[in-house]
Structure formats: C-alpha cells, structure tokens
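Reading through the structure tokens given below for one structure.
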Amino acid sequence: MVDAENEFAREQLRLRGLLQDHIASFARRDGNVDNSTRVVSASDGVVPRYIRIRRMASEGNNVGANKNHEEEEHTVREAVLAAGGRRVPWCPPYASESFYALPPEFRIAQWPLYQQGKVYGMDVASGVAVWALGPRPGDNVLDLCCCPGLKLCMVAEQMHHTGTITGVDISRGRLTVCRQVLVKYQIGRAAGVLVSPCSSPSASRSPSPGAPLWCRLICADGCCFETEWDAAWAGREEDVVFDSRAYDWQGMEARGQKRMNRGTRRRESLALRRVLNPAENGAGREGRRERANEEGGGYDRVLVDADCSHDGSTRHMLKVAGLDDSIRMRSGGFLSEEKLGGLEELQRGLLRNAFRRLRPGGVLVYSTCSLSPRQNEDVVAHLLKEEADAILDPILELGLPLFSCEMEEKGEGGKRSDDNAQANESLHACGRGYLPCRWGSLPGTLLFEPRFGETSGLFIARIKKKQLNSNV
Ligand SMILES: C[S@@+](CC[C@H](N)C(=O)[O-])C[C@H]1O[C@@H](n2cnc3c(N)ncnc32)[C@H](O)[C@@H]1O
C-alpha cells in the first residue's frame with residue numbers, strides 16, 4: 001500500500017510538472033491574470049476520489065423488493081466506509097449518504113463495487129450541478145452534452161427513474177461508452193419491468209406519473225438539435241444510439257453479454273426503428289412542434305455540461321491529454337490556441353440552443369470544468385443579453401453559506417483572495433458547514449476550485465425561462 005502511494009505521488013509530481021507550463025501559457029492567453037493564478041494552482045493539491053452510491057428504482061408497492069434495495073444500499077455504504085470512504089460534510093441532507101470521498105490514490109476501476117455497478121466514480125462538484133438542475137419525477141429532461149453519462153445517470157435517479165431523458169452528444173465513440181454506462185447502471189429500466197413499446201410505441205410517449213423512465217441517446221450537434229421530448233425523431237434514424245424502450249435488458253442479462261454481436265445489433269436496430277415510428281415524421285411532426293410552442297412546450301430541464309478546456313480539473317486534463325502523451329503536451333498541442341479555438345463560440349451555440357429547447361418556466365444549468373471567465377460568465381452573460389426571456393437564477397438552495405461570503409461578512413476579504421492560507425482555512429470551513437466554493441463574477445453562479453475545497457473545478461450557472469405572459 002505504501003509503495004502504491006509513493007508511486008502514485010511520484011507519478012502525480014511528474015505529470016503535474018508536465019502540465020504546469022501548458023496551463024500557465026493557456027491562462028496567460030486567456031487574458032486574466034487572476035485566472036492565471038487560479039488555473040495554475042488548480043493543478044496543485046490532490047483532490048480525493050469521489051464516488052456516488054447508486055440509488056435503485058423503487059419497485060412501487062413491492063415492499064419486499066424495496067426493502068432489499070435499501071438493505072443493499074446500506075451494505076454498499078458499509079463497504080465504502082470500510083474502504084476508507086468518508087462522508088462529504090457539506091452535501092445537502094437528502095444526498096448526505098450518496099457521495100463519499102476516498103483517498104486520491106484509490107483505484108476504483110479495480111473495485112468490485114464499481115465493477116458491479118453499485119457505485120459511480122463522480123466528483124461531488126458535478127453532483128452540485130445536478131442538484132442545481134433539480135430534476136423531478138416525471139420531468140422531461142434534455143442533456144445536451146451527455147457523454148460519458150455520469151450526470152445523466154444522477155438525473156435519472158433524482159427523477160426516481162420516471163419521466164424522459166434525451167441525451168445528446170456529438171461524439172459517436174463517446175456515446176457508445178455512455179450507452180454502456182446506462183446498461184451497467186440499468187438506466188431506463190424501472191422497477192424491473194421490461195418496457196415493451198415495440199408493440200405499442202405510442203403508449204409510452206407521454207409519461208404518466210410513475211411511468212418508467214424513457215431514456216434515449218442521440219448522436220447530434222447540440223447547437224442545432226431540435227427534437228422535442230415527445231416528438232417523432234426529426235433526424236436520421238441511425239443517429240439514435242440507444243432507446244430504452246427498445247432495449248433488450250433481459251436478453252442482455254440472460255446472455256451475460258457485454259458487447260453485442262452482429263445479429264443482436266441488427267435486432268436492436270430494427271427495434272429502434274419501430275420505436276422511432278418514422279410514419280410520424282413530416283406534417284405530423286410540424287403540427288406537434290407548433291402545438292408545443294402554443295402550449296409552451298419544450299423540456300422541463302436542460303443540462304449543458306459543455307465541452308471546455310478542462311483547466312479546472314487535472315484529472316480531466318490528464319485524460320484528455322492521454323496519461324503518457326508527454327510529447328504531444330510538450331509540443332504544445334494540448335491546450336493550444338489551435339485546439340481551443342472556437343470553443344467559446346461552441347459554448348455560446350450550445351447554450352443558445354439549450355435555452356430554445358427549454359419550456360417557459362423551465363430550468364437550465366450551464367456548467368464547465370474550466371475556470372476561465374471567457375468560457376463561463378462571459379458565455380452566460382452573452383445569452384442573457386441575447387434572450388430577453390432568460391433570467392439568471394441564483395443557486396442558493398443548497399442551504400449552506402458559501403465560504404467566501406462568510407469571510408467577506410467577517411471583513412476578512414474572502415471574496416477574491418488568492419492566498420494559500422485562505423485556501424487552507426476554506427478546507428477547514430467545509431467541515432464546519434460551508435459550501436467549498438465561491439460566487440462566480442455573475443451573482444448566484446458557483447465556482448468550485450480544487451485548492452479551495454477538495455473538489456475538481458466546476459463553474460455552474462442556472463438560468464430560468466420566463467413563464468408565458470409573465471415578467472418573472
Ligand atoms: C464535459 S463532457 C460532458 C460530461 C457529461 N455531462 C457527464 O456528466 O458525463 C462534454 C461533452 O460534450 C460533447 N460535445 C462537444 N461538442 C458538442 C456538440 N457540438 N454537441 C453535442 N455535444 C458536444 C463532447 O463529445 C463531450 O462528450
């Protein structure tokens with residue numbers, strides 16, 4: 001164990017050293033000196049490995065089955081604690097038993113609980129983005145940059161596995177991974193019931209309360225994706241990568257299959273086609289879209305966890321760069337202007353389209369794991385300027401004061417200090433019931449930084465769309 005820890009620490013040092021120059025020059029180019037300090041120190045310090053315990057779908061009135069789920073969750077919690085996991089003290093009460101912090105060197109990929117789909121590897125700051133979105137049972141949710149699907153799975157659990165989720169991503173390769181994640185965690189399969197819409201596709205189109213979750217994954221550009229949650233598919237059929245209504249869960253399980261063979265793939269694609277019901281394309285679709293607009297249709301919640309420079313998260317950066325790809329990093333491809341060019345435009349395009357897909361009164365969350373104001377506040381400010389119906393909705397309901405507010409109130413200059421002593425103080429404050437983040441420069445947005453609160457970096461903004469005929 002000690003050897004493993006030493007090896008881990010040495011590797012971290014080596015990689016961190018490698019990253020420093022790239023991050024520093026990225027931050028300088030980003031044009032914000034304050035940010036340059038923040039970004040560079042984001043790669044310092046070691047963030048714990050967070051896990052989230054899977055919450056299984058309730059099985060309705062089946063008391064015995066529900067009790068089994070509770071007991072299983074309890075057993076998993078005990079195993080997590082035994083593995084060195086500790087509770088995250090500032091999690092809201094309803095989530096205090098779902099996120100745990102493990103030592104940074106903990107390898108979850110080899111952990112049976114992870115392999116068996118009982119826990120997710122997910123940073124707790126990402127959990128805050130989902131709490132801010134606040135999905136409710138029966139909602140229709142759009143996740144516009146969904147891969148590999150960790151937030152999507154948490155959204156499904158917050159919805160008690162009822163309603164609809166449409167996951168969109170531009171990368172077919174990443175969607176394949178996302179699809180595996182959904183299968184592993186049984187998202188889209190509620191209450192152990194195999195939904196069989198192939199025989200009656202329209203039956204599950206409008207989810208009634210308690211109806212099982214319908215989840216679909218679509219390969220499309222989030223900047224122009226426009227299919228309503230209840231509409232027939234407006235794009236190419238082959239772009240639907242997964243549709244839980246057609247998915248043969250029981251068959252997969254019975255075969256103990258991980259990868260599908262050609263025959264199974266063909267059968268699934270035929271089932272998907274039937275689910276998509278191409279006969280409903282065309283005029284019907286337009287009619288539905290008009291009706292949706294008149295009735296103030298659209299998604300109840302939209303999540304845009306946008307592609308970004310990943311500079312707030314060393315772990316993400318290393319993943320993006322490729323752990324051993326030091327040559328590429330040294331040669332400047334990683335975080336280079338060339339690689340990041342067009343990113344802000346993409347983020348603005350994603351946010352604009354996300355807002356258009358939102359129903360009046362609906363809630364949208366925009367997040368990135370960058371600390372760059374250009375990719376965060378500026379993108380949000382751009383939308384607020386463009387869209388008269390967009391209102392920035394301060395994220396306050398987590399119920400804890402932000403560390404920086406408390407320091408400011410005490411006159412200790414907590415709002416904008418980059419001082420390490422204060423960062424340490426902040427870590428202690430987390431244990432005393434403060435949220436380990438700051439306000440972003442737009443009021444009510446949140447900025448998590450690794451050095452301030454033992455989490456990966458994450459910016460979160462919440463936007464509401466005004467109700468029809470309303471000023472609010
Ligand atoms: C930060 S990751 C999303 C992580 C995901 N929300 C989760 O929690 O697992 C950003 C994703 O955006 C996708 N992406 C990039 N450009 C896109 C576009 N134009 N439309 C849709 N997705 C896009 C990337 O393929 C990547 O999977």
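Placement of Cβ uses the backbone N, Cα and C atoms for every residue, glycine included.
Secondary structure at C369 (active site, nucleophile), taken from DSSP and collapsed to helix, strand or coil, is coil. Marked as active site, nucleophile by TrEMBL: C369.
Neighbour list (D169 (S-adenosyl-L-methionine binding site), Cβ cut-off 8 Å, at least 6 residues apart, same chain): C145, C146, C147, L175, C178, L217, C219, A220, G222. Among the features that TrEMBL reports, S-adenosyl-L-methionine binding site is placed at D169, D305.
The domain 'SAM-dependent MTase RsmB/NOP-type' feature in TrEMBL is assigned to 39-466.
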Seminar exercise, completed: If you measure between the CA atoms of D305 (S-adenosyl-L-methionine binding site) and C369 (active site, nucleophile) and round to the nearest Å, you get 8
